[in-house]
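Visitor: Structure provided below as structure tokens; questions to follow.
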């Protein structure tokens, strides 16, 4: 999966998908009442990017629904995965549950169109703070109460704060998620800084272990060609980047073209191959 990074304005969706992204990451902010408000990343953000682009969350969800609904004139066939980077710093342990319910209700109405020919992309809820695991409880509770528990088949989870993997496993258990159950594990840092692949390799080992909790692993934010190659050599499932075309270029190289291909809608992002 080639994950376009910080795709927070509607106009950026095509700008990232057309050069090769089949997934996009969207930053979500919450107001003081734990309600999703904007698609927005404050300053600072990645080097060589413009921080501060934003949309009202409901309008963005409608736009990305159009981009992922077959038959819509704005349909982008390649876009198959949405990663919502949930900026939960304004929440606490109790309001995280409320935020999860609110976000599920917004997705149900504005993205899934209340279950009637809505967007088809898979969804990853990426939470930076393990203490906010109750978001994961509130989200399915809202869908269940609305009679749309089937949509949880399209939803996965990620804790993105670079915590110890066993700490994340415990947080998932507290949230009622056991075993390898729709779990992506991220690792990374802003493209302005460097970070080793040590934790990525540990996550890959966990993914490939019979007693691990991880289904898929992705690394962020990867912009340099050399780092893209190193990341692929670590056997990740996804690369988050500001330059999707660079990942496409590397995937065409002989040593990678026989080992990797771009994921399509038929590839379940929550299954470990």
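Each residue, glycine too, has its Cβ placed from N, Cα and C.
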Visitor: If I go by Swiss-Prot, which of 85, 98, 102, 141 binds Mg(2+) at the same site as 25, 27?
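Guide: Record source Swiss-Prot; matching candidate: 85.
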Visitor: Which recorded positions are spatial neighbours of residue 51 (disulfide bond) here, meaning Cα within 10 Å, out of 5, 25, 27, 41, 85?
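Guide: Cα within 10 Å of residue 51 (disulfide bond): 41.
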Visitor: Can you give me the Cα-Cα distance between residue 192 (disulfide bond) and residue 41 (active site, nucleophile) in Å, rounded to a whole number?
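Guide: Given the Cα positions, residue 192 (disulfide bond) is 16 Å from residue 41 (active site, nucleophile).
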Visitor: Distance check, please: Cα of residue 25 (Mg(2+) binding site) against Cα of residue 5 (active site), rounded to an integer number of angstrom.
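Guide: That separation, Cα to Cα, works out to 5 Å.
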